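Annotation source TrEMBL lists transmembrane segment at 21-40, 60-85, 97-122, 142-163, 191-214, 235-258, 270-292. Residues or ranges marked as domain 'G-protein coupled receptors family 1 profile' by TrEMBL: 40-292.
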Amino acid sequence: MTSSMLISNLTQEWVESLLKWHLDLLSIPATVITLATLLADPVLLTCIFRSRALRQETRYLLMANTLTADMLFLVLNLAMVICNATRTQMSWLVCQLITAVTVTTYSCAILTITLMVVDTYAAVRWPLRYHDLLPPARTHRILLGVWVLVALYPLSLSIMLLVERKDPHERVAVCLVLISLGFIQDKKIHWIYIYFIVTAVICAVLIFVCYIQLYMVTRTQGIWQSHFSRARVTLLAHGVLLLLYFAPGFVFIMELYLFHSKDMSYDLYVWVNTVNMCVFVLLPRALAPYLYGLRYREISDTLMQWLHQHRRLS
């Protein structure tokens, strides 16, 4: 049986499983969470780019990049969720392009969040040299490099899959990143594991080391003495958010690893992937505008000033 027929049969079975367990209903909370997030993120981006002072701060540029990557990811993820729930067929070419951009935006958000932690460490560790180390121009080049780096492998992989496909305009019943990457030949699938696992491990180690170093540098300053100190609450909030960002990626890696396994129930595959797409990947992006955005006094003050000016003009 050819790869095209296997994909066609698998997507049909996937649709049947979705209907059997009524998992298409998860598209409702996914739509609500996504739209709520897409309302909050542009407000924060407007505050950052309207304020010259915020545009000169590296941490706010990194935050803006994270929010931009999140918004692109949310739009594409919602498009796939709605198309799969309504059983709207999509061409293999469009599906591969969406897959490549989805992986790119997800990876970009993870790398940028890691850079935000590194930036915080640099600001605390070298306060006098910090602005010389990371001026806005250098931050712009770093962010451009991040986008190029995370886009190279997914785009090249999608192009390779399109070249191998005899009819790239053939329609599929379900468009999923798992299915798109799961049907790559065995030798190539190992590189996908390496790409995801190495990226996740490097980011996790960097975050862990930076937080440990931050604690070592600031432990004598008395900011950790109270159980409900601002430093402890901030660390806890950011730790939970980082866990929520990384967890869906690790779940996806396990899904990809077990994709061809005969030991797992097929319905379980559908359950895990659908819940991951409709709930888990959305939670950190829904919380990020509040934990990484409105908790910063500069952003909240800029937002209040903007609202007051808007009321006066009205």
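From the backbone N, Cα and C atoms, a Cβ is placed for every residue, glycine too.
A TrEMBL annotation is a machine prediction, not a hand-curated record.
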Near the transmembrane segment (60-85), which same-chain residues lie under 8 Å Cβ to Cβ, leaving out any that are not at least 6 residues past its ends? 15, 18, 24, 26-27, 30-31, 34, 37-38, 41-42, 44-45, 48-49, 54, 98, 101-102, 105-106, 108-109, 112-113, 115-116, 119, 136, 139-140, 143, 146, 174-176, 277-278, 281-282, 285, 288-289, 292-293, 296, 298-299
Report, as numbers and ranges, which residues of the same chain sit near the transmembrane segment (191-214): CB under 8 Å and 6 or more residues beyond its ends. 107, 110-111, 113-114, 117-118, 120-121, 124-125, 153, 157, 181, 184, 235, 239, 242, 246, 249-250, 252-253, 256-257
Dominant neighbour of the transmembrane segment (270-292) in 21-40, 142-163, 235-258, by Cβ pairs under 8 Å: 21-40
In the same chain, which residue numbers or ranges, 6 or more beyond the ends of the transmembrane segment (235-258), come under 8 angstroms Cβ to Cβ? 106, 109-110, 113, 117, 177-178, 181-182, 189, 192-193, 196-197, 200, 203-204, 207, 211, 264, 269, 272-273, 276, 280-281, 283-284, 287-288, 291-292, 295
